[in-house]
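K.L.:
What follows is a single structure, and I will ask about it in a moment.
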Amino acid sequence: TMGPKEVELILVKEQNGVQFTSTTIVAPTPTQTKPSGEDERETWGKKIDFLLSVIGFAVDLANVWRFPYLCYKNGGGAFLVPYLFFMVIAGMPLFYMELALGQYNREGAAGVWKICPIFKGVGFTVILISLYVGFYYNVIISWALFYLFSSFTSELPWVHCNNTWNSPNCSDWADNSSVSDIYKSTPAQEYFERRVLHIQDSNGIDNLGRPRWQLTSCLAVVIVLLYFSLWKGVKTSGKVVWITATMPYVVLTVLLVRGVTLPGAIDGIKAYLSVDFLRLCDAKVWIEAATQICFSLGVGFGVLIAFSSYNKFSNNCYRDAIITSSINSLTSFFSGFVVFSFLGYMSHKHNVDLDKVARDGAGLVFVIYPEAIATLPGSSVWAVIFFIMLLTLGIDSAMGGMESVITGLIDEFKCLHKHRELFTLFIVSATFLISLFCVTNGGMYVFTLLDHFAAGTSILFGVLIEAIGIAWFYGVDRFSDDIEEMIGQRPGMYWRLCWKFVSPCFLLFMVVVSFATFNPPNYGTYTFPPWANMVGWCLAISSMSMVPLYAIYKLCILPGKFCDRLAYAITPETEHHLVDNGEVRQFTVSADLIMIYLYCILRIVYCC
């Protein structure tokens, strides 16, 4: 159809009172649009907004409390060998794949599967996982906010044992000759467990009690911050990340400068970097490196797809993938210097082995680190700085998870587009109500259960199906054509081989290992009852089940015989007319390879 024309009217001259003009019809400059309607979709205000959002999501609390400890425990600098190896063969290719998938199709995690409708269930899988993670991840931020408020005192409340919440077992480091004694606990440990969590008032997950008003108030503040960061879309969240994504780097640098000046800090850093190549003979080291790559880059949560869907069509997503994934890994490595400078100081100050103070998880950032900060001159100032960093690290990651849910559902259900503010309010309010279980006296047990089941095996399963759907059903060649259409450059042979063979095999291996090495959750000496483990598995299966359930649903609603339905289900929606003519390019996929993949998946489910 003929589009609108621009009319150019040029005044030539005026003679005897008559004006002579020249009129030219000029065709407008063509614009590159996609079927989904690029002109109608909101885009990032600036390119840097997108980069900061991706970096802010990928760089989260796990970069501070998990990677440094894994590096120390698994051979120091030698751990970087398997870590970088898996980063190159799986982490970066999957990161690149999700950015390109979202940018080309310009929809959320579910909508992008118009390229192969039978796999849309994996989109709902990752949306559910992001929602489940939000139930407990926001609680970590509320803990940091509680500590931040408590730091505005002349003396930090976790310094001594003479507080109302302390037990007779409380013992200062200086008075505790055997810090490994299970009957002793430090003031910082008791502050976290008895003052913040009030876990002493609960004897298990079946005795939660009511939500505590202090943590509930902190959680409400976090929810309000999330809502007003997300309610207007990427135009507002893109501005918030200028603070939340950059602040951690400023604080980490400040803490490193202070940390390296402390006595014993160099010994801690040496222990962090000490190279023990013999550890590379241990299969567990390679498994932990592979697991860290899977979770540290944030692949499989639908966030990268959602963020990149707001990019301009011609944005260079290849360059973005290299930059942002590299920054993520460098941040993990850099944070290790900060963490171990303070751990070395604690080891030196109390004259104990580094093993006695080195740990990962919440114990590092809410027990060991606050305890180290409390011994410094001007400890309150350092505590405020540290917990501001934790707050900003958590907020932008939580924003990414919520954006994945909101964008994924709004793009799938178009009627929600005009009511984004109300829908965002509904999502964050629902998250708040579920999170209330985690701020009760026994909330730590709920938190542990969610952390163990919500995004473990299920996220690996989701990324595996995503990789198979793109590489073997939609096709690597077609996917490469899409990328070339966007950035003018076709992915090299390396990327195509990783997408088609290496990454799916790596993910399949990780899913098998995840099932084979599964251990029931526990918190300290507390063992969860069987019914709690069943609830956890139901949570994990509820997200994974979206893949087969939607596939069955899609095959049932399509017209025709089974073969015709299958042809429609694996053909891009824009090419269904080709199926009517008998042209189904997806059937050129080797049936043997598909059967091998399906057999492996069924065996895994059977073994589970």
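Using N, Cα and C of the backbone, Cβ positions are placed for all residues, glycine too.
For reference, TrEMBL lists these features for the protein:
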TRANSMEM  50-68  transmembrane segment
BINDING   GLY56, ALA58, VAL59, ASN63, SER296, ASN328, LEU393, ASP396, SER397  Na(+) binding site
TRANSMEM  80-101  transmembrane segment
TRANSMEM  122-149  transmembrane segment
DISULFID  CYS161-CYS170  disulfide bond
TRANSMEM  213-230  transmembrane segment
TRANSMEM  242-266  transmembrane segment
TRANSMEM  286-307  transmembrane segment
TRANSMEM  327-346  transmembrane segment
TRANSMEM  381-401  transmembrane segment
TRANSMEM  422-447  transmembrane segment
TRANSMEM  453-476  transmembrane segment
TRANSMEM  497-518  transmembrane segment
TRANSMEM  530-552  transmembrane segment
K.L.:
To the nearest whole angstrom, what is the C-alpha distance linking GLY56 (Na(+) binding site) and CYS161 (disulfide bond)?
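P.N.:
So the alpha carbons of GLY56 (Na(+) binding site) and CYS161 (disulfide bond) sit roughly 37 Å from each other.
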K.L.:
For a quick check of packing: other C-beta atoms within 10 Å of the C-beta of LEU393 (Na(+) binding site), how many?
P.N.:
30
K.L.:
State, in range form, which of 122-149, 213-230, 327-346, 422-447 has the highest count of Cβ pairs under 8 Å to the transmembrane segment (381-401).
P.N.:
122-149
K.L.:
Hey, does the transmembrane segment (422-447) touch the transmembrane segment (213-230), meaning at least 3 C-beta pairs closer than 8 angstroms, sequence gap 6 or more?
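P.N.:
Between the transmembrane segment (422-447) and the transmembrane segment (213-230), which are separate recorded stretches, there is contact, as judged by 3 or more close Cβ pairs.
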K.L.:
With an 8 Å cut-off on Cβ-Cβ distance and a minimum sequence separation of at least 6, pull the same-chain contacts of VAL59 (Na(+) binding site), or say none.
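P.N.:
VAL59 (Na(+) binding site) has long-range Cβ partners ALA245, PRO248, ILE327, ASN328, THR331, LEU393, SER397.
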K.L.:
Other than GLY56, ALA58, VAL59, ASN63, SER296, ASN328, LEU393, ASP396, SER397, which residues of the chain come within 8 Å of the Na(+) site, judged by Cβ distance to the Cβ centroid of those residues?
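P.N.:
Once GLY56, ALA58, VAL59, ASN63, SER296, ASN328, LEU393, ASP396, SER397 are set aside, the remaining close residues are ILE55, PHE57, ASP60, ALA62, GLY298, THR331.
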K.L.:
In the same chain, who gets a Cβ under 8 Å from the transmembrane segment (453-476) while lying at least 6 residues past its ends?
P.N.:
94, 97-98, 101, 113, 115-116, 118-119, 122, 125-126, 129, 132-133, 135-136, 294-295, 299-301, 496, 499-500, 503-504, 507-508, 510-511, 514-515, 518, 521, 536-537, 539-541, 543-544, 547, 570, 572, 585-586, 589, 593-594, 597, 601
K.L.:
Taking contact to mean three or more C-beta pairs under 8 angstroms, with sequence separation of 6 or more, is the transmembrane segment (80-101) in contact with the transmembrane segment (497-518)?
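P.N.:
Since 3 or more Cβ pairs under 8 Å link them, the transmembrane segment (80-101) and the transmembrane segment (497-518) do come into contact.
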K.L.:
Do me a favour and check the Cα-Cα span between CYS161 (disulfide bond) and SER296 (Na(+) binding site); whole Å is fine.
P.N.:
37
K.L.:
For the transmembrane segment (50-68), what are the same-chain contacts with Cβ under 8 Å, counting residues 6+ beyond its ends?
P.N.:
44, 99, 140, 234, 237-238, 241-242, 244-246, 248, 272, 292, 295-298, 303-304, 307-308, 310-311, 315, 320, 323-325, 327-328, 331-333, 335-336, 338-340, 360-362, 364-365, 390, 393-394, 396-397, 399-401
K.L.:
If you count Cβ atoms within 10 Å of each one, which of the binding-site residues SER296, SER397 comes out on top?
P.N.:
SER397
K.L.:
Counting across all protein chains present, how many other Cβ atoms fall within 10 Å of the Cβ of GLY56 (Na(+) binding site)?
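P.N.:
The answer is 27.
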K.L.:
Give the nonlocal contacts of the transmembrane segment (530-552) in its own chain as ranges (CB under 8 Å, at least six residues past its ends).
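P.N.:
The answer is 118-122, 124-125, 128-129, 132, 205, 445, 449-450, 452-454, 456-458, 461-462, 465, 520-521, 569.
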K.L.:
Using a 10 Å radius around its CB, how many other CB atoms surround CYS170 (disulfide bond)?
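P.N.:
Neighbour count, Cβ to Cβ under the 10 Å cut-off: 21.
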K.L.:
Cα distance, SER296 (Na(+) binding site) to CYS170 (disulfide bond), nearest Å?
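P.N.:
Answer for this pair: 35 Å between alpha carbons.
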K.L.:
Using a 10 Å radius around its CB, how many other CB atoms surround CYS161 (disulfide bond)?
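P.N.:
That number is 19.
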